[in-house]
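Taken from Swiss-Prot, the feature Fe cation binding site applies to 170, 219, 284, 460.
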């Protein structure tokens, strides 16, 4: 258990570290931006599809005080970056800090109102839209933060008093029911994770506890028609790292049993079917679905290890895109490489999430591990029916982040639509919001929305469409 004494020792050890050491996630492309900007009537090269009416909003860490002591990329103060589009125009770009108490204590803007779960209330990992509301999310601690349409106002939310425990940075919408599913964990509770379901109205209807060991870090999950998939893999809470001063105390743990849990969607912990898998780590899944023979397929980005070689950020060897077949009868998982190219941030056409599907897209990673995780690499597209891979390369010095798929229409065929994401230009310290044709990935962008400042690499973004008239 993390006691006040442990926190005091951790703070002391951190204070003894070198405050001037270079930190890959506080310098260069990751250097925090200082100014909150509002830029209207953005310049555009190409044509924004007229059907796009809404906002693209991404969030990531942007430390208000860039102190390398004990710092990890995953714990920086949250900042949202959004672009609003309507009628073929880019109306505005805004970036705003998420108004946490931690930010206020560091000298930043006043904290937002609303309930807190703990003293650490930084939110920096995902932005979603659900039940007509916009939420910024983080895992393992804080409640969600609700944002207004213009990103100008923030309020912490326990979803009307219905969220009793932690939430996730990676809930998934079931397109057939309209509910959000998440697997959540809490750094203060090392023996339990939870399956949380948020209904169509934005209220929690289920928080089902599942016993685990060692406090695993479970960033993502998957669903099928039958199951919720729990990725219980060997990155776990490390008291030694915390006592040593780490702000993100999770490390590779070879003693932790690697397994995938199949939890029936309305089942209890007693119903989980645990299936062993060779040790690996997974941040993100592409999709999962049930097979007629009773097995479950899940496609994902796999790593050989994670957080085994240094405390600053992701540092494991990417194994590319893998397909795992989870066999509840044998209680085993078979692994198959779909593409060994290093990659991350897989996204499907999310109208088909939890169902058999054909298309997925991902962000390439450098062929050699980069100290700051990122580098020149393409956006990949996969046709899983034919095995064909396509790619879009933005050119030297252009660093893309996660790209999200947006269907052309609600009833469009799978994969018929656009990809959207931020691309950093290292030379000019500017950013483009790029819009690509998902079915012709190698073609020039349909539109580049020019943002005259660098948006630091972040985590997750989403297209948040305006409500239909």
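Cβ atoms are placed via backbone N, Cα and C, with glycine included.
Sequence-distant neighbours of residue 170 (Fe cation binding site) (same chain, 6+ apart, CB under 8 A from its CB) are 125, 126, 137, 139, 182, 219, 220, 221, 284, 460. A Cβ within 8 Å of the Cβ centre of 170, 219, 284, 460, the residues given for Fe cation, is found for these other residues of the same chain: 125, 126, 169, 220, 283, 459. Secondary structure from DSSP puts residue 284 (Fe cation binding site) in a beta strand.
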